[in-house]
Amino acid sequence: MADPSASLGLWEACWRDLVLGIVQGLTEFLPISSTAHLKVVPVLLDWGDPGVSVTAAIQLGSIVAVIAYFRRDLAQVMQGISKAFRHGQWREPEARLGIAMAVGTLPILAVGLAIKLFWDEGYETSPLRSVPSIAVVSIVMALLLAVAERMGPRRKQLSDVSGRDGLVVGLAQVLALIPGVSRSGSTLTASLLDGWQRADAARFSFLLGIPAITIAGIVELKDALAATADAGPLPLVIGILAATVVSWLAIDWLLKFLQRHSTWLFVAYRLLFGVGLLAWWSIHGAH
C-alpha cells in the first residue's frame, strides 16, 4: 500500500491529521459521509488520498466520543442483556435494543471481512473512491434522504426497537462501504423510511455504528501506524484526539437539532456537495 505520508515532515503530518480529525469529527455522525470528506479534503489541499487505513484509524476518535456520550445507554443495554439471560426477559426494551445492535452489525461485518480478505488492495484503488464517483453517490443519497424525509411516517421510538429493525438498518449500513454513501446517512434514511422519529433514528444509528466503527478502526490501526511511520505516531494521535472532541460536539448538536428540525438541511448540503465536486472535477480532471 502506498504511503501517503512519505513526502510529509512531522509538522506537516501533524497539521494534516489535525485537519482530518476535525473533518472526521464533523462528518462521521452527520448524514453527509465522513469517507467522502476525508477523501476530498486532502485532494483539494494537494495532500493526496490518505488511504483507508489512516482514515479508519482516525475514526477511533469518533468511537471514543460515541461510547462516552452514550455510556448510560450502553450500560442499560448490557444490564438488559444480562437480565434476559438470567431471567428470560427478552421483551424488555434494553434487551431488544441489544439484540437489534447485534443483528444490525452482522451484515457489515460479513461484507467488510470479505472485502478485507479478497479485495483489500483493489478497494484502496477502486474507482468507487474517485471524486466523480463520490459526487454522484452523494447526490443519489441526498435524493433518497429527501424521499425518506417526505414519506416516512415517523411513529417509531427507540423503545419500540426489534431485531427486525436492527436487520433493516444493518443492511442499510452495508451501503456505507461505498465511499460517499455515509453510514449515518444510509442508516438514518432507512430508519425514516421504516417509520422512525428523527431523533430516535439518529440515536439508533449512532448506537448501531459502535461495533462496526470500533472493529474497523482496530483492524486498520496497524496499517495506519505503518503508513505514518516516517512521522511517527504523533500525527495519528493528534488526529484521533481532534476527532474525539469534535465528534462529541457533533453528536450532541445533531440529536438536539433533529428534535426540532427536519433533515432537509442535509439533503441540500449533499446535493450542493455533489454538484460542486462534479463541477470541480470537470475543470481540474482530478481523481
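A Cβ is built for glycine as well, from the same backbone N, Cα and C atoms used for every other residue.
Since this is a predicted model, take the numbers as computed values, not measurements.
Remote same-chain partners of the transmembrane segment (50-70), defined as residues 6 or more beyond its termini with a Cβ less than 8 Å from a stretch Cβ, comprise 1-2, 4-5, 16-17, 20-21, 24-25, 28-29, 34-35, 38-39, 42, 123-124, 203, 206-207, 209-210, 213-214, 216-221, 223-228, 236, 239-245, 247-248, 251-252. What Swiss-Prot records for 50-70 (among others) is transmembrane segment, and it gives sequence analysis as the kind of evidence.
Under the heading transmembrane segment, Swiss-Prot lists 99-119 (among others).
For the transmembrane segment (128-148), the list of distant contacts is 31-33, 35-36, 39-40, 43, 49, 178-182, 185-186, 188-190, 192-193, 263-264, 266-271, 273-278, 280-281, 286-287: same-chain residues at least six beyond its ends, Cβ to Cβ under 8 Å. The transmembrane segment annotation in Swiss-Prot covers 128-148 (among others) and is backed by sequence analysis.
Annotation source Swiss-Prot lists transmembrane segment at 206-226 (among others), citing sequence analysis.
Nonlocal intrachain contacts for the transmembrane segment (231-251), taken as residues 6+ away from its ends with a CB within less than 8 angstroms of a stretch CB, comprise 5, 8-10, 13-14, 16-18, 20-22, 24-30, 54, 57-62, 64-66, 68-69, 206, 224-225. What Swiss-Prot records for 231-251 (among others) is transmembrane segment, and it gives sequence analysis as the kind of evidence.
Using a Cβ-Cβ cut-off under 8 Å and counting only residues 6 or more beyond its ends in the same chain, the transmembrane segment (263-283) has close neighbours at 30-33, 36, 40, 44, 131-132, 134-139, 141-143, 145-146, 148-149, 185, 188, 192, 198. Residues or ranges marked as transmembrane segment by Swiss-Prot on the basis of sequence analysis: 263-283 (among others).
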